[in-house]
Amino acid sequence: MRTATLYRFRLPMEAGVILRYQRLKTRDGFLVHLQENGQQGWGEIAPLPEFSKETVEQAGEAAVAWLRLWHLGAEPDESELPSVAFGISCALAELQGNLPEEADYRKAPLCNGDPDELIVRLNNMSGQKVAKVKIGLYEAVRDGMVVNVLLEAVPDLSLRLDANRSWSRAKADSFAKYVNPDYRNRIAFLEEPCQTSQQSLAFARDTGIAIAWDESVRDEGFNVEAQAGVTAIVIKPTLTGSLARCCQLISAAHNVGLEAVISSSIETSFGLTQLARIAHWLTPATIPGLDTLELIQSQLVRRWPGSTMPVTRLDELAIAWRS
(Lines of atoms letter the chains of each structure in order from A and count residues from 1; the text may use other names and numbers.)
(Lines give C-alpha, C1' and ligand atoms only; values in the text may rest on other atoms or scores of the structure.)
Protein backbone atom coordinates (compact mmCIF):
# COMPACT_ATOMS: atom_id res chain seq x y z
CA MET A 1 0.00 0.00 0.00
CA ARG A 2 1.22 3.47 -0.87
CA THR A 3 0.72 6.61 1.19
CA ALA A 4 1.93 10.12 0.45
CA THR A 5 1.98 13.41 2.35
CA LEU A 6 2.94 16.89 1.20
CA TYR A 7 4.02 19.34 3.92
CA ARG A 8 4.27 23.08 3.32
CA PHE A 9 7.07 25.15 4.86
CA ARG A 10 7.87 28.85 5.10
CA LEU A 11 11.13 29.81 6.79
CA PRO A 12 12.36 33.38 7.41
CA MET A 13 15.44 34.49 5.48
CA GLU A 14 18.27 36.55 6.86
CA ALA A 15 17.93 40.23 5.98
CA GLY A 16 19.68 41.34 2.84
CA VAL A 17 19.23 38.26 0.63
CA ILE A 18 18.51 39.74 -2.79
CA LEU A 19 17.84 37.60 -5.87
CA ARG A 20 18.28 39.59 -9.06
CA TYR A 21 15.39 42.04 -8.72
CA GLN A 22 13.75 41.24 -5.38
CA ARG A 23 14.55 40.76 -1.72
CA LEU A 24 13.77 37.23 -0.56
CA LYS A 25 12.03 37.43 2.82
CA THR A 26 11.00 33.77 3.25
CA ARG A 27 12.05 30.42 1.76
CA ASP A 28 8.90 28.63 0.72
CA GLY A 29 8.32 25.11 -0.47
CA PHE A 30 7.22 21.58 0.34
CA LEU A 31 8.51 18.36 1.83
CA VAL A 32 7.18 15.26 0.10
CA HIS A 33 6.92 11.99 2.06
CA LEU A 34 6.35 8.66 0.29
CA GLN A 35 5.67 5.34 2.07
CA GLU A 36 5.37 1.88 0.56
CA ASN A 37 5.85 -1.64 1.97
CA GLY A 38 7.38 -0.39 5.20
CA GLN A 39 9.89 1.84 3.38
CA GLN A 40 9.85 5.63 3.19
CA GLY A 41 11.46 8.42 1.23
CA TRP A 42 11.61 12.19 1.48
CA GLY A 43 12.34 15.09 -0.85
CA GLU A 44 12.25 18.88 -0.88
CA ILE A 45 10.40 20.88 -3.53
CA ALA A 46 11.47 24.52 -3.34
CA PRO A 47 11.43 26.59 -6.53
CA LEU A 48 13.68 29.63 -6.26
CA PRO A 49 12.05 33.00 -7.09
CA GLU A 50 13.66 34.82 -10.04
CA PHE A 51 15.45 31.62 -11.11
CA SER A 52 12.85 28.82 -11.29
CA LYS A 53 10.36 28.89 -14.14
CA GLU A 54 7.62 27.69 -11.76
CA THR A 55 6.10 29.39 -8.71
CA VAL A 56 5.63 27.68 -5.35
CA GLU A 57 1.88 27.47 -6.03
CA GLN A 58 2.42 25.83 -9.41
CA ALA A 59 4.91 23.41 -7.87
CA GLY A 60 2.41 22.46 -5.17
CA GLU A 61 -0.34 21.80 -7.70
CA ALA A 62 1.97 19.68 -9.87
CA ALA A 63 3.21 17.73 -6.85
CA VAL A 64 -0.34 16.93 -5.70
CA ALA A 65 -1.29 15.80 -9.22
CA TRP A 66 1.72 13.45 -9.31
CA LEU A 67 1.11 12.14 -5.78
CA ARG A 68 -2.56 11.36 -6.49
CA LEU A 69 -1.53 9.09 -9.38
CA TRP A 70 1.36 7.49 -7.49
CA HIS A 71 -0.84 6.77 -4.48
CA LEU A 72 -3.25 4.87 -6.73
CA GLY A 73 -0.46 2.58 -7.95
CA ALA A 74 0.61 4.34 -11.14
CA GLU A 75 4.20 5.19 -12.09
CA PRO A 76 3.66 8.78 -13.28
CA ASP A 77 6.05 10.47 -15.69
CA GLU A 78 8.47 13.00 -14.27
CA SER A 79 6.95 16.42 -13.71
CA GLU A 80 7.91 19.03 -16.29
CA LEU A 81 8.59 21.44 -13.42
CA PRO A 82 12.26 21.01 -12.38
CA SER A 83 11.81 21.55 -8.64
CA VAL A 84 8.97 19.01 -8.51
CA ALA A 85 10.86 16.48 -10.63
CA PHE A 86 13.91 16.81 -8.39
CA GLY A 87 12.14 16.64 -5.04
CA ILE A 88 10.01 13.66 -6.00
CA SER A 89 12.98 11.84 -7.55
CA CYS A 90 14.87 12.24 -4.25
CA ALA A 91 11.91 10.83 -2.33
CA LEU A 92 11.70 7.87 -4.73
CA ALA A 93 15.47 7.30 -4.48
CA GLU A 94 15.27 7.21 -0.68
CA LEU A 95 12.21 4.96 -0.82
CA GLN A 96 13.97 2.51 -3.13
CA GLY A 97 17.28 2.64 -1.25
CA ASN A 98 19.10 4.23 -4.18
CA LEU A 99 20.34 7.42 -2.49
CA PRO A 100 23.41 6.57 -0.38
CA GLU A 101 23.55 7.93 3.16
CA GLU A 102 27.20 9.00 2.97
CA ALA A 103 27.55 12.71 2.31
CA ASP A 104 30.15 15.31 1.33
CA TYR A 105 29.69 18.09 3.86
CA ARG A 106 32.67 20.08 2.59
CA LYS A 107 31.66 23.53 1.39
CA ALA A 108 33.29 26.08 -0.87
CA PRO A 109 32.70 29.07 1.45
CA LEU A 110 30.90 32.05 -0.02
CA CYS A 111 33.14 35.09 0.35
CA ASN A 112 31.48 38.36 1.28
CA GLY A 113 32.14 41.12 3.76
CA ASP A 114 35.40 42.73 4.84
CA PRO A 115 38.31 41.47 2.65
CA ASP A 116 40.75 41.63 5.61
CA GLU A 117 38.52 39.32 7.68
CA LEU A 118 38.05 37.05 4.66
CA ILE A 119 41.79 36.70 4.18
CA VAL A 120 42.26 35.61 7.80
CA ARG A 121 39.41 33.09 7.48
CA LEU A 122 40.70 31.71 4.18
CA ASN A 123 44.27 31.40 5.44
CA ASN A 124 42.95 29.42 8.42
CA MET A 125 40.99 26.98 6.25
CA SER A 126 42.16 23.39 6.47
CA GLY A 127 42.37 21.01 3.54
CA GLN A 128 41.76 22.02 -0.05
CA LYS A 129 41.20 25.79 -0.15
CA VAL A 130 38.36 26.41 -2.57
CA ALA A 131 36.07 29.42 -2.11
CA LYS A 132 33.39 31.22 -4.10
CA VAL A 133 32.93 34.91 -4.86
CA LYS A 134 29.76 36.38 -6.37
CA ILE A 135 30.76 39.07 -8.83
CA GLY A 136 28.84 41.30 -11.20
CA LEU A 137 26.85 43.01 -8.43
CA TYR A 138 29.21 45.99 -8.25
CA GLU A 139 31.65 47.62 -10.65
CA ALA A 140 33.71 45.12 -12.64
CA VAL A 141 36.92 46.95 -11.74
CA ARG A 142 36.14 46.60 -8.03
CA ASP A 143 35.42 42.89 -8.49
CA GLY A 144 38.74 42.42 -10.24
CA MET A 145 40.62 44.18 -7.46
CA VAL A 146 38.93 42.11 -4.72
CA VAL A 147 39.66 38.82 -6.52
CA ASN A 148 43.27 39.87 -7.08
CA VAL A 149 43.73 40.79 -3.40
CA LEU A 150 42.35 37.41 -2.24
CA LEU A 151 44.53 35.41 -4.64
CA GLU A 152 47.61 37.43 -3.73
CA ALA A 153 47.06 37.14 0.03
CA VAL A 154 46.22 33.41 0.10
CA PRO A 155 48.76 31.67 -2.16
CA ASP A 156 47.12 28.22 -2.05
CA LEU A 157 43.58 29.51 -2.68
CA SER A 158 41.49 28.49 -5.68
CA LEU A 159 38.46 30.67 -6.45
CA ARG A 160 35.17 29.91 -8.13
CA LEU A 161 33.56 33.09 -9.44
CA ASP A 162 29.94 33.60 -10.49
CA ALA A 163 28.84 36.53 -12.64
CA ASN A 164 25.34 35.29 -13.63
CA ARG A 165 25.69 36.60 -17.20
CA SER A 166 25.78 40.14 -15.84
CA TRP A 167 28.60 41.67 -17.91
CA SER A 168 29.05 42.99 -21.39
CA ARG A 169 32.31 41.86 -22.99
CA ALA A 170 33.82 45.29 -22.23
CA LYS A 171 32.95 45.01 -18.52
CA ALA A 172 34.34 41.47 -18.37
CA ASP A 173 37.59 42.76 -19.86
CA SER A 174 37.66 45.53 -17.22
CA PHE A 175 37.46 42.82 -14.56
CA ALA A 176 40.26 40.77 -16.10
CA LYS A 177 42.52 43.80 -16.41
CA TYR A 178 42.76 44.00 -12.61
CA VAL A 179 43.55 40.31 -12.07
CA ASN A 180 47.28 39.59 -12.27
CA PRO A 181 47.92 37.16 -15.17
CA ASP A 182 50.09 35.09 -12.81
CA TYR A 183 47.04 34.44 -10.58
CA ARG A 184 44.50 33.62 -13.28
CA ASN A 185 45.22 29.90 -13.26
CA ARG A 186 43.96 29.84 -9.65
CA ILE A 187 40.53 30.93 -10.82
CA ALA A 188 39.02 27.43 -11.04
CA PHE A 189 36.31 28.91 -13.22
CA LEU A 190 34.17 31.98 -13.75
CA GLU A 191 30.52 31.05 -14.24
CA GLU A 192 28.94 32.71 -17.28
CA PRO A 193 30.82 36.06 -17.28
CA CYS A 194 29.04 37.55 -20.31
CA GLN A 195 25.52 37.92 -21.60
CA THR A 196 26.02 35.37 -24.39
CA SER A 197 27.92 32.09 -24.50
CA GLN A 198 29.88 33.27 -27.55
CA GLN A 199 31.13 36.32 -25.64
CA SER A 200 32.04 34.16 -22.63
CA LEU A 201 34.01 31.72 -24.80
CA ALA A 202 35.89 34.59 -26.44
CA PHE A 203 36.62 36.09 -23.00
CA ALA A 204 38.10 32.78 -21.82
CA ARG A 205 40.21 32.47 -24.95
CA ASP A 206 41.55 36.02 -24.76
CA THR A 207 42.22 36.24 -21.00
CA GLY A 208 43.18 32.70 -20.02
CA ILE A 209 40.49 32.76 -17.31
CA ALA A 210 38.57 29.47 -17.36
CA ILE A 211 34.79 29.58 -17.48
CA ALA A 212 31.94 27.26 -16.47
CA TRP A 213 28.41 26.90 -17.74
CA ASP A 214 25.62 27.46 -15.20
CA GLU A 215 22.49 29.06 -16.66
CA SER A 216 23.36 27.57 -20.06
CA VAL A 217 23.01 24.05 -18.63
CA ARG A 218 19.29 24.73 -18.26
CA ASP A 219 18.84 26.33 -21.69
CA GLU A 220 16.85 24.34 -24.22
CA GLY A 221 19.16 22.53 -26.62
CA PHE A 222 22.23 22.66 -24.35
CA ASN A 223 24.79 19.96 -25.13
CA VAL A 224 27.70 19.05 -22.90
CA GLU A 225 30.84 19.30 -25.03
CA ALA A 226 34.54 19.99 -24.68
CA GLN A 227 35.24 23.63 -25.57
CA ALA A 228 38.44 25.64 -25.28
CA GLY A 229 38.44 27.59 -22.01
CA VAL A 230 35.54 25.67 -20.42
CA THR A 231 36.49 23.56 -17.40
CA ALA A 232 33.18 22.77 -15.66
CA ILE A 233 29.41 22.72 -15.63
CA VAL A 234 27.47 23.77 -12.54
CA ILE A 235 24.38 21.71 -11.77
CA LYS A 236 21.67 23.16 -9.53
CA PRO A 237 19.25 20.24 -9.25
CA THR A 238 16.28 22.27 -8.00
CA LEU A 239 16.51 24.31 -11.22
CA THR A 240 17.58 21.42 -13.46
CA GLY A 241 15.20 18.53 -12.83
CA SER A 242 15.20 14.94 -11.67
CA LEU A 243 18.09 12.92 -10.30
CA ALA A 244 18.12 11.03 -13.61
CA ARG A 245 18.62 14.29 -15.51
CA CYS A 246 21.40 15.34 -13.13
CA CYS A 247 23.10 11.94 -13.50
CA GLN A 248 22.90 12.28 -17.28
CA LEU A 249 24.58 15.71 -17.20
CA ILE A 250 27.29 14.61 -14.76
CA SER A 251 28.13 11.54 -16.84
CA ALA A 252 28.27 13.59 -20.04
CA ALA A 253 30.56 16.16 -18.38
CA HIS A 254 32.96 13.55 -17.03
CA ASN A 255 33.04 11.80 -20.42
CA VAL A 256 34.43 14.93 -22.11
CA GLY A 257 36.81 15.84 -19.28
CA LEU A 258 34.74 18.55 -17.59
CA GLU A 259 34.21 18.91 -13.86
CA ALA A 260 30.59 18.74 -12.67
CA VAL A 261 29.79 20.79 -9.57
CA ILE A 262 26.62 20.18 -7.53
CA SER A 263 25.41 23.57 -6.32
CA SER A 264 22.69 24.96 -4.07
CA SER A 265 19.61 26.96 -5.02
CA ILE A 266 19.24 28.16 -1.40
CA GLU A 267 17.59 24.95 -0.26
CA THR A 268 16.82 24.39 3.43
CA SER A 269 19.06 22.22 5.59
CA PHE A 270 16.83 19.32 4.53
CA GLY A 271 17.55 19.85 0.85
CA LEU A 272 21.21 20.70 1.44
CA THR A 273 21.87 17.43 3.26
CA GLN A 274 20.39 15.55 0.30
CA LEU A 275 22.56 17.55 -2.10
CA ALA A 276 25.60 16.66 0.03
CA ARG A 277 24.69 12.97 -0.34
CA ILE A 278 24.22 13.36 -4.09
CA ALA A 279 27.59 15.12 -4.39
CA HIS A 280 29.38 12.35 -2.47
CA TRP A 281 27.69 9.74 -4.65
CA LEU A 282 28.05 11.29 -8.11
CA THR A 283 30.90 13.84 -7.89
CA PRO A 284 33.13 12.56 -5.05
CA ALA A 285 36.29 14.31 -6.29
CA THR A 286 34.66 17.75 -6.41
CA ILE A 287 33.80 20.05 -3.50
CA PRO A 288 30.10 20.95 -3.89
CA GLY A 289 28.82 24.53 -3.75
CA LEU A 290 26.53 24.30 -0.73
CA ASP A 291 27.46 27.27 1.48
CA THR A 292 23.96 28.78 1.72
CA LEU A 293 22.68 27.29 4.99
CA GLU A 294 23.06 30.49 6.99
CA LEU A 295 20.98 32.55 4.55
CA ILE A 296 17.90 30.98 6.18
CA GLN A 297 17.18 31.64 9.87
CA SER A 298 16.11 28.08 10.70
CA GLN A 299 17.01 24.56 9.72
CA LEU A 300 14.26 22.20 8.58
CA VAL A 301 13.71 18.73 10.12
CA ARG A 302 17.16 17.39 9.14
CA ARG A 303 20.15 19.19 10.63
CA TRP A 304 23.30 20.16 8.79
CA PRO A 305 26.14 18.54 10.80
CA GLY A 306 27.76 20.94 13.24
CA SER A 307 25.17 23.69 12.82
CA THR A 308 23.73 25.21 15.99
CA MET A 309 20.92 27.04 14.18
CA PRO A 310 17.38 26.32 15.46
CA VAL A 311 15.43 23.56 13.74
CA THR A 312 11.82 23.73 12.54
CA ARG A 313 10.22 20.35 13.29
CA LEU A 314 7.93 18.34 11.06
CA ASP A 315 5.00 18.74 13.48
CA GLU A 316 5.26 22.52 13.04
CA LEU A 317 4.50 22.27 9.31
CA ALA A 318 1.08 22.49 7.67
CA ILE A 319 -0.11 19.50 5.67
CA ALA A 320 -0.86 20.66 2.12
CA TRP A 321 -2.13 17.27 0.94
CA ARG A 322 -2.37 13.73 2.27
CA SER A 323 -3.50 10.51 0.61
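Glycine is treated like the rest: Cβ placed from N, Cα and C.
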In Swiss-Prot, Glu191, Asp214 are given as binding Mg(2+), so which of Asp162, Asp173, Asp182, Asp206 is in that site too?
Asp162
How long is the line from the C-alpha of Asp162 (Mg(2+) binding site) to the C-alpha of Lys134 (active site, proton donor), rounded to the nearest angstrom?
5
To the nearest whole angstrom, what is the C-alpha distance linking Lys236 (active site, proton acceptor) and Glu191 (Mg(2+) binding site)?
13
Site of maximum Cβ density within 10 Å, from binding-site residues Glu191, Asp214:
Glu191
Counting Cβ neighbours within 10 Å across all chains shown, tell me which of the active-site residues Lys134, Lys236 comes out on top.
Lys236
